[in-house]
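Chemist: OK, TrEMBL features for this one:
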- 12-35: transmembrane segment (TRANSMEM)
- 115-324: domain 'ABC transmembrane type-1' (DOMAIN)
- 117-142: transmembrane segment (TRANSMEM)
- 154-177: transmembrane segment (TRANSMEM)
- 197-219: transmembrane segment (TRANSMEM)
- 255-277: transmembrane segment (TRANSMEM)
- 297-320: transmembrane segment (TRANSMEM)
Amino acid sequence: MKWWPVTRFLLSRLAGSLVVLLVIAVASFAIFYMLPNDPAQLSCGKPCTPERLAEVRAYMGIDKPWLVQLGAFLWGIVAGRTFGSGQAAIECAAPCFGYSFRLRADVSDLLADRIPVTLSIAIGALVLWTVVGVAMGTWAALRRGRFTDRALTSLSVVGVSAPTYLVGLLFILLYGFTLNVLPIGGYVAFTDSPFQWAFHLILPWVTLAIVNAAIYVRFTRGSMLDIMSQDFIRTTRAIGLTEGQVVGRHGLRNLVVPIATLVALDFGSLLGGAVVTEKVFSIQGVGSLLLDAVNNLDVQLVVGVTLFAALAVVLANFLVDIIYGILDPRIGAPTS
């Protein structure tokens, strides 16, 4: 029964996450399918007669009442769905997030091609800015009021204020054109060449790391100052532990939970679509897929990518809850 409070806590959060996903799915479907732009009209071509338009609407499954369309969309995520009938029928296997009639491809397949790209950017940048941000924030906290603290705090303010696209463009001009030492864009799959994969992602990683590490510096500094002022820290010093042991065994250990929370949430946001970074460095990931879908009024693709982005964020939040439960089993226990 030791882990029952945590299990109950996670089950309640899982139920809440499923409700959130359902609400987002309904909202995204409603918003885009209630727009004045008719997906069938966009796919009909020219000339588009009323008879041809009716055929296209039936083929796309948007000739039915709105609630029936919504039910088919949600059921397709679970069990897949079929568009059209006969020899021209299109099978969309589960999880079917829709079908892009403009690109003639399942949204799930399009996402499967782009997710590894965005995942590569997200993981590399996240590791880099977490390590740098936590290290610099801890260093600033341990030297509170000194020159190092003031310098790192000032730099973090600059980093937080710098737009991602501006930092990316400056790096492209400096390292891509002026010094010509790094590639300015493109993506090489890890399976093709691990070295070229990392080499082409250096600028996107560093760009995201500079902007986000600044946030982690400020967050870590504030958290460490609060932790190091606690009574148990003074007790560890009183029993003769060195400053390194106090910081390593107790200070940083208590920093794990808040940092893990921040990391998981940032990771979900990045997977949701790093639109700016991918566009600046000409990388074809989930973010650029969404942007192209919006520009081309590909409603089915927009809805599918939006739902995937929401799923990434919700899963990241649930991951945070799991981390909480592992690191602090007291979570979910009744309070007296």
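Quick reminder: no glycine exception, Cβ is built from N, Cα and C everywhere.
Remember, predicted model here, so these are calculated numbers, not experimental data.
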Chemist: Would you kindly check 117-142, 154-177, 197-219, 297-320 and say which stretch has the most C-beta pairs under 8 angstroms to the transmembrane segment (12-35)?
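Modeler: By Cβ pairs under 8 Å, 297-320 leads among 117-142, 154-177, 197-219, 297-320.
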Chemist: For the transmembrane segment (197-219), name the stretch out of 117-142, 154-177, 297-320 with the most CB-CB pairs under 8 Å.
Modeler: 117-142
